[in-house]
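What follows is one structure encoded as structure tokens, with my remarks underneath.
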Amino acid sequence: MVVGDFATEVDVLVVGGGPGGYVAAIRAAQLGKKVTLVDKAELGGVCLNRGCIPSKALIHAADEVNKMKNASHMGIEVDGVKLDFPKTIQWKDQVVKKLTGGVGQLLKGNKVEVVQGEVYFSGENTVKVATEDNSTTYQFEHCILATGSRPTQIPSLPFDGEKIISSTEALNLQAVPEKLIVVGGGYIGLELGTAYAKLGAEVTILEGTDSLLPGTDPGMVRMVKRNLKKLGVDVVTNAMVQGADTSGNGVTVTAEVKGEEKTFSADKVLVSVGRTPNTDELGLEHAGIELDGRFVPTDKQMRTKNERIFAIGDIAGQPMLAHKASYEGKVAAEAIAGEPSEVDYRAMPYVIFSDPELAYTGLTEQEAKEQGYDVSVSRFSFAANGRALSLDAADGYFQVVADKETKQIIGAQIVGPEASSLISEVVLAIEMGANAEDIALTIHAHPSLPETFMEAAEGIVGNAIHMVNK
Amino acid sequence: TGKQVLAMPSIRKKARELGIDISQVAGSGPRGRITLEDLENFQAGGAKQEA
């Protein structure tokens, strides 16, 4: 630092106001630290502004439309469902605003100073924060990096924000496209593609590998594929996208499908092939931090090679999930305050808001076998659950994977209604080291969807009531 | 991850606070679950995991 250069001193500088950053800032403040949080854009980060929350709002609206259109078998005839899409987007924006406002109030309530600006490292423990019209140097005792990720751009389909869009723009369209091509059949593309199909778009998904949701248990994906077909979504696998022509009215995408060149035309192309961690343009090299690929390597306390600096969330490695970022944020803040916290979880929940929803945690049967377990698997169908039937949502199953000898629960795969909520009880069971008998002996409310966990667990024990035991 | 020690999250946290390597503790609970008492006994010098 230049002599005379005034630096603002802070205990903890948090870079990024997403689900990792703001949680870390609050926990650090709870533990008595003077915290400054810097974000270049808005509080809540990707999750609240351009990710989890807006996508779920849009999916919910699309589900409502879809239900209205498909309720005649329940005796509900809806004549001409009208969609005022700009209003739908406004409603979604209000949901986002409520939540980001809440984050701002929580930070304020915890006396966290919030600064808007861009961070660039100028040394081991100093950063420059550039705001619109000036630049301030901060000297920190500790720093928590939580800069998140952004949609990955592919060279053959560069984003133009109009015809070739990322998830960000796809969540802010002013009209439902007549035709939408989704490049990438991962969870983001699948969720948004399904939502727009329900809102009336003709959707084509182009996936490079041989299956939708690569990396997810194929048994779980089967039912999702069936519903996409019902919705009229065209899923093209083994499609290697070559490029796009945007010169005309719409956009034409060229792809090689099993060695054959094919063209697909649409109004818009949503490119959702993954997310890139925001580890560039930060000057991390000035702080002595080297990357592993694009991620920042950390230890169990989320500490980087520079022991003053911690990295959490999407920049710290897969899986890129908001709840993982928040968990890591708490660990980092506690470690800074001298607590012996470390990353120590047994089960990470994964949730995909497809139709039907998918959720899983722990090991699949295959993974458990690979890890040397003698495995016991039990699957209970939602078609045999009274609540699922009364919800007109009986597609899917709750599958439990257990150690055969101890009956300890080591994983679960759920396909079906509210899978995203149902997974939590399994995560708790794994964290507590519960076995199938513990779950089977726990009274579950009737009629309710969580009964399917109890029934599947009884299947492991061998005394299921509402299905025939193997 | 493989087979891990059986202990609730709060017990794992307590072990860290006490500076105990939980993998060295023998659990007295059902299916070898480690309890708070096991941690206390371990700290007092007893109940070590057999090698």
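In case you wondered, yes, glycine gets a Cβ from its N, Cα and C as well.
Because TrEMBL annotations are produced automatically, they should be read as predictions rather than curated entries.
Per TrEMBL, these features apply:
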- A:11-329: domain 'FAD/NAD(P)-binding' (DOMAIN)
- A:CYS47-A:CYS52: disulfide bond (DISULFID)
- A:LYS56, A:THR147, A:GLY148, A:SER149, A:ASP314, A:MET320, A:LEU321, A:ALA322, A:HIS323: FAD binding site (BINDING)
- A:GLY184, A:GLY185, A:GLY186, A:TYR187, A:ILE188, A:GLY189, A:LEU190, A:GLU191, A:GLU207, A:GLY274: NAD(+) binding site (BINDING)
- A:348-457: domain 'Pyridine nucleotide-disulphide oxidoreductase dimerisation' (DOMAIN)
- A:HIS446: active site, proton acceptor (ACT_SITE)
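Here the features listed in TrEMBL are placed on the structure.
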residue  : record                       : contacts (Cβ under 8 Å, 6+ apart)
A:CYS47  : disulfide bond               : A:GLY18, A:PRO19, A:ILE53, A:ALA322
A:LYS56  : FAD binding site             : A:PHE353
A:GLY148 : FAD binding site             : A:GLY16, A:GLY18, A:GLY20, A:GLY45, A:VAL46, A:PRO277, A:ASN278, A:GLY313, A:ASP314, A:ILE315, A:ALA325
A:GLY184 : NAD(+) binding site          : A:ILE205, A:LEU206, A:GLU207, A:GLY208, A:VAL271, A:SER272, A:VAL273, A:GLY274
A:GLY186 : NAD(+) binding site          : A:LEU213, A:PRO214, A:SER272, A:VAL273, A:GLY274
A:LEU190 : NAD(+) binding site          : A:VAL182, A:ILE205, A:LEU212, A:LEU213, A:VAL224, A:ILE352, A:SER354
A:LEU321 : FAD binding site             : A:MET348, A:TYR350
A:HIS323 : FAD binding site             : A:PRO19, A:PRO349
A:HIS446 : active site, proton acceptor : A:GLY386
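Each residue contributes its Cα atom, and for A:ILE188 (NAD(+) binding site) and A:CYS52 (disulfide bond) those atoms are 10 Å apart. Ranking the binding-site residues A:GLU207, A:ASP314 by how many other Cβ atoms lie within 10 angstroms of each Cβ puts A:GLU207 at the bottom. Across the range of the domain 'Pyridine nucleotide-disulphide oxidoreductase dimerisation' (A:348-457), the DSSP-based residue counts are 40 helix, 31 strand, 39 coil. Neighbouring residues of the recorded NAD(+) site, listed in sequence order and excluding A:GLY184, A:GLY185, A:GLY186, A:TYR187, A:ILE188, A:GLY189, A:LEU190, A:GLU191, A:GLU207, A:GLY274, comprise A:VAL182, A:GLY193, A:ILE205, A:LEU212, A:LEU213, A:SER272, A:VAL273 (Cβ within 8 Å of the Cβ centroid). Cβ environment of A:CYS52 (disulfide bond): A:ALA322 lie under 8 Å away, each six or more residues apart in the same chain. Its Cβ placed at the centre, A:ILE188 (NAD(+) binding site) has 22 other Cβ atoms within 10 Å. DSSP gives A:LEU321 (FAD binding site) a coil state; it is part of no helix or strand.
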